[in-house]
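These features come from TrEMBL:
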- 7-26: transmembrane segment (TRANSMEM)
- 46-65: transmembrane segment (TRANSMEM)
- 100-118: transmembrane segment (TRANSMEM)
- 138-158: transmembrane segment (TRANSMEM)
- 170-190: transmembrane segment (TRANSMEM)
- 238-256: transmembrane segment (TRANSMEM)
- 276-297: transmembrane segment (TRANSMEM)
- 309-328: transmembrane segment (TRANSMEM)
- 386-404: transmembrane segment (TRANSMEM)
- 410-431: transmembrane segment (TRANSMEM)
């Protein structure tokens with residue numbers, strides 16, 4: 001197999017592995033608060049929102065050390081170990097205990113930081129400036145199939161149910177745990193690239209380290225990766241992109257946890273309210289996959305760069321927020337187990353709710369594919385630290401959003417996303433114009449997004 005063929009194979013395996021793991025994890029996130037609400041009459045007293053806040057809070061802090069960990073053990077082994085911790089978190093729901101639930105939340109926060117840093121490193125190692133847009137799209141589209149498969153099962157298994165039984169819960173989470181483990185094993189199929197740099201290394205560092213894999217040299221690479229992360233954090237481009245990244249963190253919280261909970265709490269949806277959570281996840285996944293395919297796989301046909309895609313993303317999201325505001329009761333995110341009988345500005349419509357799910361996924365793919373692409377382009381030599389910073393900002397904003405989701409009415413959550421999204425779009429434009437100018441100065445063709 002040619003070098004280019006091997007790289008494409010690695011990207012596909014990377015995407016398929018993430019697809020399996022996040023089929024389990026994102027399905028778990030979509031139904032966690034609903035399942036927990038049905039458990040709170042027992043000895044279990046956890047909160048799905050609080051758990052996700054812990055996960056993303058720990059994830060953000062762990063991104064400070066994740067480049068060093070990836071530098072020491074390598075991206076492939078980093079992803080394998082992280083995948084095991086994802087599986088353990090999901091398995092907690094088979095027989096929930098409050099202490100185990102929150103402990104697993106801390107552990108998966110650390111694992112997620114390492115997983116996404118290693119993913120960014122692997123994506124960049126197997127791409128160049130001509131293929132980073134295509135490869136980002138392939139990875140993102142494969143990843144987002146995860147929203148289809150798990151939610152299909154939830155939709156059909158929970159159709160017509162207003163209460164989730166112990167048997168239903170165990171069946172779902174045993175299946176999701178096995179699916180996550182399958183994705184973890186697939187990481188072993190990724191083939192190592194020859195003559196690639198360790199995360200955080202530069203040419204001078206490579207000369208000093210040579211080919212030795214001693215503990216001392218691994219520690220030097222870890223320290224170099226940590227220093228590079230701190231340095232990159234304060235560059236103009238990274239600071240500007242951090243506003244856009246912050247927006248993706250808020251949106252991630254909303255569509256992966258809050259919106260499904262809102263749908264499940266609307267009593268006017270009748271006996272379908274629980275199964276509609278799964279259907280909503282499917283429509284989010286369709287939007288994500290469509291966006292990944294159009295803006296990644298077909299990127300070579302675009303000659304106008306990344307900005308039009310991001311502009312489409314924010315417009316699509318603003319339309320979704322407007323419709324959600326009109327369609328969903330204001331107290332839906334914080335409704336009790338009995339649900340809510342309130343009405344917003346229209347009678348709650350299942351069709352409008354599913355349309356909004358699709359728009360949320362499509363807009364999210366616009367932002368994430370372009371952020372992956374521009375980070376891989378700007379920081380091809382420092383991919384692990386760059387992607388660690390990306391996940392640090394995204395996850396800390398997701399943690400904050402999960403925390404306030406326990407208390408804020410729907411209108412305030414939507415307003416926050418509108419404001420941050422507006423400014424995040426402007427800052428992305430600024431960085432992209434700079435990237436276009438750099439390409440022009442090098443005499444390159446600005447033809448891929």
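Just so it is clear, glycine is given a Cβ too, placed from its N, Cα and C backbone atoms.
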Cβ pairs under 8 Å only, please: of the recorded stretches 138-158, 386-404, 410-431, which one is richest in them relative to the transmembrane segment (170-190)?
138-158
Taking 100-118, 138-158, 309-328 as candidates, which has the most Cβ pairs under 8 Å with the transmembrane segment (7-26)?
138-158
Give residue numbers and ranges for long-range contacts of the transmembrane segment (276-297): same chain, 6 or more residues beyond its ends, CB-CB under 8 A.
26-27, 30-31, 34, 133-148, 150-156, 158, 255, 259-261, 263-264, 269, 309, 313, 350, 353-355, 357-366, 369-370, 449
Tertiary contacts of the transmembrane segment (100-118) (same chain, 6+ residues out, Cβ under 8 Å):
44, 46, 50-52, 54-63, 65-67, 69-70, 75-76, 78-79, 81-86, 88-89, 92, 199, 384, 387-388, 390-392, 395
The transmembrane segment (238-256): which same-chain residues, six or more beyond its ends, come within Cβ distance under 8 Å?
26, 29-30, 52, 56, 232, 284, 310, 317, 357, 360-361, 363-364, 367-368, 371, 374-375, 386, 389-390, 393-398, 401-402, 405, 413, 416-417, 420-421, 423-425, 427-428, 430-431
Of the listed stretches (46-65, 138-158, 309-328), which one yields the highest count of Cβ-Cβ distances below 8 Å with the transmembrane segment (386-404)?
46-65
Given the cut-off of 8 Å on Cβ pairs that are 6 or more apart in sequence, determine whether the transmembrane segment (309-328) and the transmembrane segment (410-431) share at least 3 such pairs.
yes
Where else in the chain does the transmembrane segment (46-65) make close Cβ contacts, counting only residues six or more beyond its ends and a cut-off under 8 Å?
29, 32-36, 39, 96, 98, 101-102, 105-106, 108-110, 112-114, 117, 226, 229, 249, 253, 257, 261, 388-389, 391-393, 395-400, 402-403, 405-406
